[in-house]
Amino acid sequence: MAKLDVEEGAAGAPGHPPANGYLLVPGGEPPGKLSAEPQNGPKAGCLTLNGVSRDSLAAAVQALDRPRTPLAPEEETQTRLLPGGPGEETPGAEGARVPQTALSARRFVVLLIFSLYSLVNAFQWIQYSIISNVFRDFYRVSFLHIDWLSMVYMLAYVPLIFPATWLLDTRGLRLTALLGSGLNCLGAWVKCGSVQQHLFWVTMLGQCLCSVAQVFILGLPSRIASVWFGPKEVSTACATAVLGNQLGTAVGFLLPPVLVPNTQNNTDLLECNISTMFYGTSSIATFLCLLTVIAFKEKPPYPPSQAQAVLQNSPPAEYSYKKSIRNLFKNIPFVLLLITYGIMTGAFYSVSTLLNQMILIHYEGEEVNAGRIGLTLVVAGMVGSILCGLWLDHTKTYNFFMTGYLPLGFEFAVEITYPESEGTSSGLLNASAQIFGILFTLAQGKLTSDYGPRAGNIFLCIWMFLGIILTALIKSDLKRHNINIGIANGDIKAVPVEDSPTDQESKTMMMSKQSESAI
């Protein structure tokens, strides 16, 4: 059997220094690392600084008194970011190593598994609402009760997102994926025991479990894309991961009206049809849960990009979840994105929940066509998601799109908040969407029942227009993209790694005052 963790296009091979012979070190560290250890050869016992012996220090002192020559922009752009894997030392720089990056073939398996169990979770979200009249009559409850089977997904997300993102940041990707897939499977099986008219509370319990599973699912697309995929495919990977959820919503619009037609005059047949849908869903969810246990790994052997390598090599003690939350809310572009993402996605949640009721007001008995309308709505968004992902991988023009807003919002948030956790930023975006979704669903539902679907749709259009205006105000500072293409910032210095005369002179010019005092 072929091994999945195959490296593709490994970068930073041993013995191959970066372009122009430069490595980047954090700005807070001195450019040189002092060492008093004896050196082999005739210079044994000499003090060394970045491989420079005592005989070279006099020239360094003279160089410090001369005007310092800044690096050319192209030299800064081509610098590397961090040490690499073991044994990959670059000649001429003691302790400096070239970063090792590679792409694992397993990344496609991880992405596929996640997309599929995310699909099943989204299917379970909308399977009641698209045939709300059927379930209302079967369980003998009101439309509002059926609406809450959808809104419980939104309600559960808001309080649970903070512990869920903390778990993702501290315990990792695999555990979060196992919880999402496992709870999704458990909720599906609980629903199988609710196919009796007096057991609405059981179906609500199963839906609550699925809604908790969603908390461990919606925040993962950007994290999976960043941890497993290279810089030229990360936006497409995120769009594909979100695509699974959108596809689940599309299937949720299409299949329930077909599997559970409106046969209120034959309760036994209706129970049989509902059981078929519930047992089929639970069987697929179980299979995908097993696949997650077997094949879903925490991370690839090597980071897929320089930006991810920087994060993986950061000391764990430096990370603070509370500080990360504070940093995100101090980021004005992210706050604007938080509001606009909530408005746009919340409007979609509201329309999806109330679509059956809006259609049947004018076209009674057209449950199947209502599902097809919902399918069309989602498929258009899916096409937009993929096209946006492909376009963004090449252009990074995040402000130019309104379609495919789900993957766009996730990736844009990661770009403008780097190096903050992808799970935290995407989790907050989803929390905003859930809050707006609940408010929009309640408001639009009330307007629809009292004044008709037109009033509810006008209400949503006004809010979406506001979202478009706020989107245009977001400043596009693509921090992660800049790291991946090697643009240096104020926290990064360039330190040459070659010992040629030109590089030696550059080395002496880059010495800090701390190095001078040590001399």
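Glycine residues also receive a Cβ, built from the backbone N, Cα and C atoms like all the rest.
Positions annotated as region 'Disordered' by TrEMBL: 1-42 (among others).
Among the features that TrEMBL reports, compositional bias 'Low complexity' is placed at 9-21.
Under the heading region 'Disordered', TrEMBL lists 65-97 (among others).
Counting residues 6+ beyond its ends, the transmembrane segment (108-128) has Cβ neighbours under 8 Å at 4, 135, 146, 149-150, 153, 177, 180-181, 184, 187-188, 191, 207, 210-211, 213-214, 217, 220-221, 224, 228-229, 237, 240-241, 243-249, 251-253, 255-256, 277, 281, 284-285, 288-289, 291-292, 295-297, 352-353, 374 in the same chain. Residues or ranges marked as transmembrane segment by TrEMBL: 108-128 (among others).
Beyond the ends of the transmembrane segment (148-168), by six or more residues, the same chain brings 125-126, 128-129, 135, 175-176, 179, 203-204, 207-208, 210-212, 214-216, 218-220, 223, 321, 325, 349, 352-353, 421, 423-424, 427-428, 430-431, 433-435, 437-438, 441-442 to within a C-beta distance below 8 angstroms of the stretch. As annotated by TrEMBL, transmembrane segment applies to 148-168 (among others).
Residues 114, 117-118, 121, 124-125, 128, 139, 141, 145, 148-149, 152-153, 155-157, 160-161, 164-165, 167-168, 173, 176-177, 179-184, 186-191, 238, 241-242, 245, 407, 410-411, 413-414, 422-423, 425-427, 430 of the same chain sit 6 or more residues outside the transmembrane segment (198-222) yet have a Cβ under 8 Å from a Cβ within it. Here TrEMBL flags 198-222 (among others) as transmembrane segment.
Taken from TrEMBL, the feature transmembrane segment applies to 276-296 (among others). Tertiary proximity for the transmembrane segment (276-296) is limited to same-chain residues at least six positions away from its ends with a CB under 8 Å from its CB atoms, namely 106, 109-110, 113-114, 116-117, 120, 123-124, 127, 174, 177-178, 181-182, 184-185, 188-189, 191-192, 194-195, 255-256, 259-260.
Long-range contacts of the transmembrane segment (332-351) within the same chain: residues 150, 154, 377, 381, 402, 405-406, 409, 412-413, 416-417, 425, 428-430, 432-441, 444, 460, 463-464, 466-468, 470-471, 473-477, each at least 6 residues beyond the stretch ends and with a Cβ under 8 Å from a Cβ of the stretch. What TrEMBL lists as transmembrane segment is 332-351 (among others).
The annotation transmembrane segment is assigned in TrEMBL to 371-392 (among others).
Among the features that TrEMBL reports, transmembrane segment is placed at 427-443 (among others). Taking Cβ pairs closer than 8 Å, the transmembrane segment (427-443) reaches residues 147, 150-151, 153-155, 157-158, 161-162, 164-165, 168, 218-219, 325, 328, 337-339, 341-343, 345-347, 349-350, 353-354, 409-410, 413, 456, 459-460, 463 in its own chain, all 6 or more past its ends.
The transmembrane segment annotation in TrEMBL covers 455-474 (among others). Outside the transmembrane segment (455-474), and at least 6 residues removed from its termini, the chain residues within Cβ reach (under 8 Å) are 333, 336-337, 339-340, 343-344, 347, 350-351, 354, 358, 399, 402, 412, 416, 440, 443-445, 447-448.
Residues or ranges marked as region 'Disordered' by TrEMBL: 496-519 (among others).
Here TrEMBL flags 507-519 as compositional bias 'Polar residues'.
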